[in-house]
């Protein structure tokens, strides 16, 4: 593998480490705030990550298209580790299995809609600064 490829792998790995640490810390902090069973840490991570993904998409596409390593660091590494579809899916199933059917459905539907809207808002906000 050429050094060019290794540098992108390093961008993914270092961005992923930072995103994973932030995801873990967000989960710990929100657990101390909320004790109602709703996995708010995952919800916040996914909504904020989706918003930042929209911003980053515009930023790296229109304003700084030559910053490929930074784009990889942010979008693939950091946001890939911060946002977590597998945790969202598991938490939805666990809520359902615990008999919290309404909360499980609201969480699942609300998460998907919120994250899509967050990307749209992120793109629109990003366009304001380009």
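Glycine residues also receive a Cβ, built from the backbone N, Cα and C atoms like all the rest.
DSSP assigns residue 80 (Na(+) binding site) to a helix. Residue environment of residue 80 (Na(+) binding site) contains 18 other Cβ atoms, counted within 10 Å of its Cβ in all protein chains. Annotation comment: TrEMBL describes 80, 83 as Na(+) binding site.
Long-range contacts of the transmembrane segment (6-26) within its own chain (CB-CB distance under 8 A, at least 6 residues past either end) are made by residues 41, 44-45, 68-70, 72-74, 76-84. If you look up TrEMBL, you'll see 6-26 (among others) marked as transmembrane segment.
The transmembrane segment annotation in TrEMBL covers 38-60 (among others).
TrEMBL lists 72-96 (among others) with the feature transmembrane segment. A Cβ distance under 8 Å defines the sequence-distant neighbours of the transmembrane segment (72-96), meaning residues of its chain 6+ beyond its ends; these are 8, 11-20, 22-23, 37, 39, 42-43, 45-46, 48-50, 52-53, 56-57, 60, 103-104, 107-108, 111, 115.
Residues annotated as transmembrane segment in TrEMBL: 103-125 (among others). Residues of the same chain lying 6 or more positions beyond the ends of the transmembrane segment (103-125) and with a Cβ under 8 Å from any Cβ of it are 37-39, 42-43, 46-48, 50-58, 83, 88, 91-93, 95-96.
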